[in-house]
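Comments concern the structure below.
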Amino acid sequence: MAKQKNIYVGIIMGSKSDWPTMEEAAKMLDEFGIGYEAEVVSAHRTPDKMIKYAESAKDRGLRLIIAGAGGAAHLPGMVASKTSLPVLGVPVKSRALDGLDSLLSIAQMPAGIPVATFAIGPAGAKNAALFAVAVLALEDKALAVKLEKFRSTQTKTVLKNPNPRA
């Protein structure tokens, strides 16, 4: 029987339509072999579920939560208000303002309830996952080595072919 991975990261999003963005975080965590859970937890449509999710996250073994939302983007901030775990906010591109509304909503948290805010869209989701990897690597030497190798490989790939036309 295969060993079950510990689940250390929660990936939540306000709507199923946010998955194409948040899937980038899942792919990155998969690349590093980090266990995660992913589900829709809406601050507006399922507020009781959101509160229960945030309040139980630490006891369930999560160490970080990556929360993606578009539009009003209240999910990351509301989750952060109900847990002491680090919450990484990913603004999802919206139809009305291309995600700027989401970015501002997540970034403008009141003092005392921090949310780490990343770029709008897939790049933000990927970077949120890499940030989670870096935090987990503080206590996991093997993971730290994997992260260093990932960063080194990125650098070598760029240096190998710096010509933008090739």
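Note: Cβ is positioned from N, Cα and C throughout, glycine not excepted.
Some features that TrEMBL has for this protein:
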- Ser15, Asp18, Arg45: substrate binding site (BINDING)
- 7-158: domain 'PurE' (DOMAIN)
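Shown here: features listed in TrEMBL, placed on the structure.
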residue : record                 : Cβ contacts under 8 Å, 6 or more apart
Ser15   : substrate binding site : Val40, Ser42, Ala69, Gly70
Asp18   : substrate binding site : Val40, Gly68, Ala69, Gly70, Val92
Arg45   : substrate binding site : none
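The record gives Ser15, Asp18, Arg45 for substrate. Within 8 Å of the mean position of their Cβ atoms, the other Cβ atoms in that chain belong to Met13, Gly14, Lys16, Ser17, Val40, Ser42, Ala69, Gly70. In the three-state DSSP classification, Arg45 (substrate binding site) falls within coil. Comment: substrate site residues Ser15, Asp18, Arg45; largest CA to CA distance 14 Å, whole number.
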